[in-house]
Amino acid sequence: MKFEEKCGDNGSIVGRNQSYPGEKHQPKGKPIANGEAEVYAKQEANGKCSTPRKSLSMYTWLEIQRHNHEADQLVINCKVYNVSSWADRHPGGHQVLNHCAGEDAMDVFRAMHPELDIVQLYLKPLLIGELAPGEPSQERHKNSQLVKDFQELWSIAEAMNMFHANLGFFFLHFVQILILEVLAWLIVYHFGSGWPVTMFISFLLTISQASSSFLQHDAGHLSIFRKSKWNHVVHKFVMCHLKGLSADRWNYWHFEQHVKPNIYPKDPDIDTDPLFLLGDSQPVKYGKKKIKYINYEEQHLYFYKVWLPLFMPVYLKLPSMQAMYLQRYWVCFSLQDITWVSSFYIYFITFGLYYGIFGTMLLIYLVKFLESPWIVYVTQMSHITMRMSTEENRDWLTTQVLATCNTESFFNDFTGHLNFQIEHHLFPTMPRHNYHKVAPLVRSLCAKHGLHYVNKPMLRAFGDIVRALKKSAALWADAYYE
């Protein structure tokens, strides 16, 4: 299936009326022919913004781009919003808004919010103006045809119901997790806590915990239920109760990575210095400044010794605890996280009858040590090996395709379907069981615009992580010893 086959001769969707943020609908789902919807349709046709209402100020892109600090101004659907006073209350964290300041955030906005009609209510008080007549609907340096084609692709995915989740799929994964958790306890109850039993239940709990990581990822991206509140409930239960980690901290951190993948210093996933130097520019920067906290020429060995075993029990656990107990913003949500996480430890104390408190804590961290390499390989194989740069303010499609790659998987559940990383980054709220359906359309669109759609074997992707670390180390050494 190709992208062009899903479009009509004029590039529009065949047999479907597009809807846009803020468009009203009649009871049967048909759009009301109001002025705002018609105006937006015309804007999309010519790629420029129409005459704004007289009550609103007019802005040029040059003026907006000056407000690119500390969540100042951003543009959504040709409208200009000042979010500086509201950023700290943003459910996705203030940093996401900081990263989009002074930019067209339309595609980001749509990608991260499944219930656009509700989010529009929060935007109304923040509206300060519109783009001036004649200004393009996105920054001038962006490819307007590419932006339009991706919007068409999004509408195609909606028309094919690719954003509708199969609840049975996620229910079976949830039941599998609970069965493994209960089975582990029953085995200890019947057979005691000897070493063979302990290692076997650790294996079961590792599968359960890894599956929980993937399920909380689904719920955190609001891709299970149509109503966000039910996704939040499932996310709290799985992330906090089953994994003992802060759901809110994960949201803030992970959404930054989605909005600005592989972009220094906005993507926290590549902010690993001084322990690891990633990409091409960061190692050279450290080398020229003669910075040597560790022997970076052996950082690929530290990947095996440090990153693989300590990612879950240390790298994720400590910042999660810090977010819950030390950070003052979003206090009410931190208290919710603390309550949920407390239930994780109470639940695990049921093993204390057989292992004691200290033995139970060792069991918890043994499982996290075993889970950690699994999650590291799955999450890092799609990003560390790809292009890293400072902010270049590219369009959504180009940003995501340059920073991510797909891997061939014989068993998608092993990776939580994250082997379709490109599709996941382009459509964060799409249920993962639909990634394979939209992948051919994405591949076709990338080919049309000359973007390299990377899809590699999984074992090669694993090896590329180490090869990327060695390459960065060599760049550091060249700059350090010159």
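Positions of Cβ are set from backbone N, Cα and C atoms, glycine also.
The shown structure was predicted, so the numbers you read here are calculated from the model rather than taken from an experiment.
Swiss-Prot tags one of the stretches 46-50, 286-290, 421-425 as motif 'Histidine box-3', and that stretch is 421-425.
Going by the topological domain names that Swiss-Prot assigns, ALA111 and PHE255 belong to one and the same side of the membrane. When Swiss-Prot is compared with the stretches 107-127, 191-211, 233-253, the one noted as transmembrane segment is 191-211. Summed and averaged per residue, pLDDT over the topological domain 'Lumenal' (327-343) gives 69.
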